[in-house]
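Copied from TrEMBL, the annotated features are:
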| type | residues | note |
| --- | --- | --- |
| REGION | 1-95 | region 'Disordered' |
| COMPBIAS | 11-31 | compositional bias 'Basic residues' |
| COMPBIAS | 38-51 | compositional bias 'Basic residues' |
| COMPBIAS | 59-95 | compositional bias 'Basic residues' |
C-alpha cells in the first residue's frame with residue numbers, strides 16, 4: 001500500500017516537473033521569437049531611415065543645382081547739380 005502511494009506521488013512529481021519544463025521551454029521559445037521580431041523591426045526601421053536620409057541628400061543636391069540667377073541692379077543715375085544757380089549767385093554778388 002505504502003509503495004503504491006509512493007509510486008503515485010512520484011509519478012505526479014514527474015508530471016509536474018515535465019509540465020514545468022515544457023512551460024519553460026515554451027516561454028523561452030516565445031521570448032526568442034519576440035526578440036527576433038523586434039530585431040527585424042529595428043532593422044527595417046534603420047533601413048527606412050537610411051533610405052529617407054539618402055533621398056533627402058539627393059533633394060538637397062538638386063536644390064543646390066537649381067540656383068536662381070541674380071538680377072543685376074540698375075545703377076541709378078546721379079543727378080547733376082545745377083551749377084547755374086551758384087553761378088547766378090556769384091554773378092549777382094559781383095554785380
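From the backbone N, Cα and C atoms, a Cβ is placed for every residue, glycine too.
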Sort out the residues at least 6 away from either end of the compositional bias 'Basic residues' (11-31), same chain, that have Cβ-Cβ distances under 8 Å to it, and list them.
none
Determine how many residues of the compositional bias 'Basic residues' (11-31) DSSP places in helix, in strand and in coil.
21 helix, 0 strand, 0 coil
Helix, strand, coil residue numbers for the compositional bias 'Basic residues' (38-51) per DSSP?
14 helix, 0 strand, 0 coil
